[in-house]
């Protein structure tokens, strides 16, 4: 082995003894993921005495391919899982996939169509076998992609919603709810997809605003020369009209209530009824009523005992109830009906109208309200407890703003249509008796009718809504309905990380089912993350061409850079605006850490970290500062993760790593590391080792691969087989010096001030200069005395004078750093006249840029035609040029003051 190690992994540690010059993510990621899995580091021990932390993955569809939503969701979950594992918890991250009924059936049906076949050719059993075959061959793609993301799920426990154990749980829940009268069968209006030939819940219907028409139709009143005008966006449904409604207080139609309309094209009389649903101020104040094809009309139809006439078949084709329009597809029927009404002089007006059209969430076919016999869950009693659980804090929803959305839906919840007319899914465990027509619902397949004892039974052909089995996910995956050790240890789960788009589909239903069947909430926290959009805040879509593929990004920039980017932009309640440039920026961060680690390792070759006790060391001011800052960063990172503020954790770690550790401490340590004082060098090595080793632990949940690679390359024995098994932080054992840290930061402010002046005045960076520090207090002078060596070294100063009321040099550029004024004598350093000429020349150039971009961005034609990305880039260029111009002018003013 390249390292000695206190633990004995199954294989040699898969790494070189030293870090190569460049970081190659692909090779590093593959070897460490294999190492973690082969050594069982993701596995949750249900018999462990450690406190549990459990989280269930929102199971991706078995048809799925990793997209940005998956990437964000699973990165955040993995950060939590790795952090809690390192923080001493027994972590179960439960993985699995969803059978995705309609989606998977569509995929396999397309395959069959390409082969010139169909599911009907195979028959139900043959088709289901074919889907299982597809799942075996292709269904694991999304899981392999999650592994590339670094997901530390317990893959030994991977579940599938059609697994035998989960299927048993589904049947138990269905039968129990049926026995309690909460599941029932009813003939009512549902959302119907004419393409998928199945019912859809309200949540499975996506509404899109579409430009269409509002047609005003004339309906003759029987026995008079009057007519009523009704407006509709779906004129074909008039074939099923069974009434015209007016408001009971509408005086215009008071004398017509109770009379009849002669329904055009159908020669059928329908009544004029009064109902308060009608808005008498909208349109003519008269509304056509089609109870079998409109949800509002359905309720009116029930109130007035109207006839329900279904005019379509399951494919959206007009049936025998449509008279002469029988056999026409619904939109063909619309065209024909409008033409015939127009010919009869009954089409009064056509106006443009923006309409919210409901579409199937899977195939995007326009849905049809359709009368059908379906299975339902009465969710009202279940919802009451789920509402109470959030109200009383048993479950927290984070950010809290989503609680309002949750309550609004739950307080207005409607019964859940759970039956689907497809073949792939959990078949409803109900059997119909040929003898008595009664239904038998059973945990086991029955051999006889539970009502009359007859043996000729036919099982329900419908399957359950995919979300029915998903609603049981937190406890069915742990072995329910059996009382398992896993359930005892890990239920209720600690948190759920999910997108807001499935708050109702999934989260609310898990709440209801968990409380019903486990007597406890399924999770203590629900963290709802935002959407990943493009750099301009636009939703990613193939049609816009702005989709960023996670796997392409991982291949190009590495998983760690990608993960850190997602975390850095995952602010609560704010969508992630993602661009490839930002990911490239965080790749630079990974490289910065890599290069700093290479520097450290080169200076730790002769160092043995065993027995480090920094309390016994004579620490410099810089060392006390970096250790104190490390203690604070560890606390801030842990607090941010505890509060699901992933962006704050990333920000704290980024700033400390890049600026404080790499830019400052490494530079501050070089004199000691390169010096002749052996004791001083040993202490400097001990601090460098400690800070880097602890920093890698803090970074690991966000950047698991590069941190493992570097951590394993550190000298000495490792305290664990992997960094992911090490403690998240042991900084509580480190010495801290608050006053010393404060003094060091004042010294650093002075160094930054000197550097700023050098930059503004164009003093060559390598040129050693003189400086004067006018201290306003004796305490400030004491601090400067303590930091004299640092200031001279890092600010490249040969002659440094400081004190209270110190003599001020002539022709000096100045800057204030707190209670210290920095003065840099410029005489002999630069030619003031030449510098003034240079600045004027640069100002003229930048002013041209500002003028050019200003004109461009005030051009209405350009603004109207240019893509959003181009506009954004030009606006940024203008802002950068204006900022540069301001800095140059300030520099010129300072020069003028010196002359």
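Yeah, the Cβs are placed from backbone N, Cα and C, and that goes for glycine too.
In the three-state DSSP classification, residue 542 (ATP binding site) falls within coil. What Swiss-Prot lists as ATP binding site is 542, and the listing cites sequence analysis.
The annotation coiled coil is assigned in Swiss-Prot to 827-898 on the grounds of sequence analysis.
The motif ''HIGH' region' annotation in Swiss-Prot covers 60-70. When pLDDT is averaged over the motif ''HIGH' region' (60-70), the result is 90.
The motif ''KMSKS' region' annotation in Swiss-Prot covers 539-543.
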- Note on the structure: Around the Cβ of residue 542 (ATP binding site), other Cβ atoms within 10 Å, all chains included, total 7
- What are the DSSP helix, strand and coil residue counts for the motif ''HIGH' region' (60-70)? 3 helix, 1 strand, 7 coil
